[in-house]
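According to TrEMBL, the feature heme c binding site maps to Cys50, Cys53, His54. As annotated by TrEMBL, domain 'Cytochrome c' applies to 37-214. Annotated signal peptide per TrEMBL: 1-19, in sequence order. Feature annotation from TrEMBL assigns transmembrane segment to 224-242.
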Amino acid sequence: MRKLIFGLVFAILPAMGLAAGGGAALDSMEPDHTNKESLQRGAALFTNYCMGCHSAEYARYKRVAEDLEIPIELYEENLIFTGAKIGELMKNSMNKDMAADWFGAPPPDLTLEARLRGTDWVYSYLRGFYKDESRPLGVNNVVFDKVGMPHVLVGLQGLCAEKPHIGTEPSIDPLSGNVMHSDVCANYAIEGSMSGPEFDQAMWDLTNFLSYMADPIKVERERLGLFVLIFVAIFFVFAYLLNREYWKDVH
Ligand code: HEC
C-alpha cells in the first residue's frame with residue numbers, strides 16, 4: 001500500500017512542476033477548431049502580418065485551405081504572396097542569419113508555436129506590446145521581456161503607452177455589482193484602427209489559427225475517438241456473451 005502511495009506521489013510530481021511554472025500572468029484562451037470563420041480570419045491575419053518574417057513550414061497551403069473550407073482559387077489569389085504553389089509548404093524567403101542580425105534573434109517557425117508555449121501564452125503575448133524607449137525598437141512586451149520582434153500590429157492595436165493589463169482579474173463595479181473587464185490598454189501613445197475589444201477578438205482568431213496549425217487533426221481525432229468508444233462499448237457486450245458461453249459448462 002505504502003509503495004502504491006509513493007508511486008502515485010511520484011507520478012503526480014512532474015505535473016505539479018508544470019503547473020507551478022512561473023512567468024508572467026496570462027489571459028486564458030480556449031481554442032475552438034470548429035469555428036471556421038474565426039480560423040479563416042486568423043489565417044488572413046497570419047498571412048498578411050506574420051509570414052513576412054515567420055514561416056509555418058510544417059503546414060501546407062492546400063491542407064489549410066481544405067480544412068478551413070476556403071476555395072482553392074480564392075486562397076491562391078488572396079493568401080499566397082510568395083508565388084508558391086498551393087501544394088507547397090508554407091515557407092517564406094526570410095534569411096535566418098540576416099534576420100538574427102536585424103532583430104537580435106531569428107523569427108522562429110510558428111507551425112508548432114501554440115503547442116510549445118500554449119494558447120494562453122500566445123494570446124497574451126500578441127496583446128502584450130507596449131512603448132518602451134529603452135529598447136532598440138521602442139517597444140517591449142509584458143509576457144516576453146526584451147523581445148526582439150517589432151510591434152507589427154501597431155496599425156491595428158495602436159501602441160500602448162504603459163504596460164497593458166494582462167492576466168489581471170476582472171474587477172467588480174462597487175455600485176452596480178457588474179463585472180468590469182478593463183481594457184487591456186488604458187492609454188495609447190499611438191491610436192490604432194481597432195478598438196480594444198476588436199483587437200482582442202482579432203488576436204483570439206489569430207491564436208485560434210496558430211492552435212489549429214499546431215494540431216490540425218484535433219477535431220477529426222475527437223470525432224474518431226467517439227466512434228472508437230462506441231465500438232468498444234458494443235464489442236464489450238459480445239465479448240461478455242462469448243465469455244459466458246465458453247465458461248458455461250466449467251464448474
Ligand atoms: C518584422 C518581422 C516579424 C514579423 C512581421 C512578426 N514577427 Fe514574430 N518574431 C519576430 C522575431 C525577430 C522574433 C524573435 C524575438 C526574440 O526571440 O527576441 C519573433 C518572435 C515571435 C514569437 C515568440 C516565439 C518564441 O516562442 O520565442 C511569436 C509567438 C511571434 N513572433 C508571433 C508572431 C505573429 C503571430 C506575427 C504576426 C502577427 C508575427 N510574429 C510577426 C519577428 C517578426
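Glycine is no exception: its Cβ is also placed from the backbone N, Cα and C atoms.
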Cys53 (heme c binding site), Cβ-centred 10 Å count of other Cβ atoms over all protein chains shown, is 18
May I ask you to report the DSSP-based helix, strand or coil state of His54 (heme c binding site)? coil
Within 10 Å of the Cβ of His54 (heme c binding site), how many other Cβ atoms are there? 22
Model confidence over the domain 'Cytochrome c' (37-214) (mean pLDDT, whole number): 92
Same-chain, non-site residues whose Cβ lies within 8 A of the Cys50, Cys53, His54 Cβ center for heme c are Tyr49, Met51, Gly52, Ser55, Asn92, Met94, Pro107, Leu110, Val152
Enter the number of other CB atoms within 10 angstroms of the CB of Cys50 (heme c binding site). 21
